[in-house]
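Visitor: For reference, Swiss-Prot lists these features for the protein:
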TOPO_DOM  1-34  topological domain 'Cytoplasmic'
TOPO_DOM  79-97  topological domain 'Cytoplasmic'
TOPO_DOM  119-209  topological domain 'Extracellular'
TOPO_DOM  231-292  topological domain 'Cytoplasmic'
TOPO_DOM  314-376  topological domain 'Extracellular'
TOPO_DOM  398-470  topological domain 'Cytoplasmic'
TRANSMEM  35-55  transmembrane segment
TRANSMEM  58-78  transmembrane segment
TRANSMEM  98-118  transmembrane segment
TRANSMEM  210-230  transmembrane segment
TRANSMEM  293-313  transmembrane segment
TRANSMEM  377-397  transmembrane segment
Amino acid sequence: MGIWTSGTDIFLSLWEIYVSPRSPGWMDFIQHLGVCCLVALISVGLLSVAACWFLPSIIAAAASWIITCVLLCCSKHARCFILLVFLSCGLREGRNALIAAGTGIVILGHVENIFHNFKGLLDGMTCNLRAKSFSIHFPLLKKYIEAIQWIYGLATPLSVFDDLVSWNQTLAVSLFSPSHVLEAQLNDSKGEVLSVLYQMATTTEVLSSLGQKLLAFAGLSLVLLGTGLFMKRFLGPCGWKYENIYITRQFVQFDERERHQQRPCVLPLNKEERRKYVIIPTFWPTPKERKNLGLFFLPILIHLCIWVLFAAVDYLLYRLIFSVSKQFQSLPGFEVHLKLHGEKQGTQDIIHDSSFNISVFEPNCIPKPKFLLSETWVPLSVILLILVMLGLLSSILMQLKILVSASFYPSVERKRIQYLHAKLLKKRSKQPLGEVKRRLSLYLTKIHFWLPVLKMIRKKQMDMASADKS
């Protein structure tokens, strides 16, 4: 308990130094500079971890740290902005950045794999056609040549003029196959298809190398832009109206002062007001916040469906090629029989018989697809888990953004409190008389109305406890 109290006191003292404007004294200046340097170091460190390409060297990181320190020491807006950036990483800006990163992982991973499987299928088909061209033409022609030579061997040489003329005859058979024509056609077709595939694969690889950097830069830009718009609306001419639905501790104190001065007060809120306005701190979302939570998760669900669609197309192509390859492996080969028939005196006899086997698909030409599920969906699972956590914490982070902004700009916070207080009073003045009487009757049923001594005793005990603590 003592460690928790000491840690809380240290944090509150550092927070007061960071939020308060710079004091003229040297000691206060050194404390202010130290806190700003610590925040700058944490900010640059997190940026280096999240986007190592953005600060690739120690010199760049050191220069960024020095610039951040100077900005934090000199500008209250910069100190508020950098804290709001961290909180915005858990809101819609951070959600959009994570969705962009997940979309890049899915598209670049699965599309590249689809192109790889298509290329493997094309290579397998051309390889098999080339192999079948040789395995069909040459065995047939070889057997045909053997048959011709066998017939030539059966021929009876001429015996006319043997004593005058000597016969020296030979049989020369030339082999010609149109396979080179098929080879040229295959090369032309393969070249045309592969040129398109290689171009698309090269484009995919370039996008894959640059995509992570561009998406990280786009996500960081979205966070910075969203934070800048929030500060602009909060500090703008109508800033007291922007997201002014939170009942803060300062609002409660203001309402208590109004009560002590016998002026109209708004606390406690009625049932309808509790549905619309949020009492800080609270972990139970209002109906409006639950609606915003649904809107927060809607883009996540839409992009998740798109990611699953890309993965399904990739997986179906993988299963198709894999099943076809498995069927090709299980197909039996063809046995080709060559028979030479001879006719003699009206009867046909088989005078030469030979056979050879031809496989339907060459084993070394079977395509081997791949489906790298872990390389894509492991980081996607981490991104989805972070998105779910951010969605559940979005209402709390929004409350923290309002509290941080109010700490840096107390004058704006006073205007917001006065506006919200007047708005509630104006709305209640338009309520029917019966509703006012019902609220009054509820107030009359409270015990401190009839026994104000109990309220005074409780207040005295709280004052004594606060005095002992101080």
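Each Cβ is built from the backbone N, Cα and C atoms, and glycine gets one as well.
Provide an account of the burial state, proximal residues and distances for the features listed.
Guide: Residues 69, 73, 76, 79, 407-408 of the same chain sit 6 or more residues outside the topological domain 'Cytoplasmic' (1-34) yet have a Cβ under 8 Å from a Cβ within it.
Each residue in the topological domain 'Cytoplasmic' (79-97) has a pLDDT score, and their mean in this model is 80.
Taken through DSSP, the topological domain 'Cytoplasmic' (231-292) splits into 32 helix, 4 strand, 26 coil.
Within its own chain, the transmembrane segment (293-313) has Cβ neighbours under 8 Å at 92, 95-96, 99, 102-103, 106-107, 110-111, 114, 285, 376-377, 380, 384, 387, 391-392, 394-395, counting only residues six or more beyond its boundaries.
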Visitor: Using Cβ atoms and a strict cutoff of less than 8 Å, what residues sit near the topological domain 'Cytoplasmic' (79-97) while being 6 or more residues removed from its termini?
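Guide: Sequence-distant neighbours of the topological domain 'Cytoplasmic' (79-97): 18-19, 36, 39, 43, 68, 72, 218-220, 222-228, 230-231, 296, 299-300, 387, 390-391, 393-394, 397-398, 400-401, 404-405, 408-409.
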Visitor: Residue counts in helix (H, G, I), strand (E, B) and coil for the topological domain 'Cytoplasmic' (1-34), per DSSP?
Guide: 27 helix, 0 strand, 7 coil
Visitor: Go ahead and report the DSSP secondary structure tallies for the topological domain 'Cytoplasmic' (79-97): helix first, then strand, then coil.
Guide: 16 helix, 0 strand, 3 coil
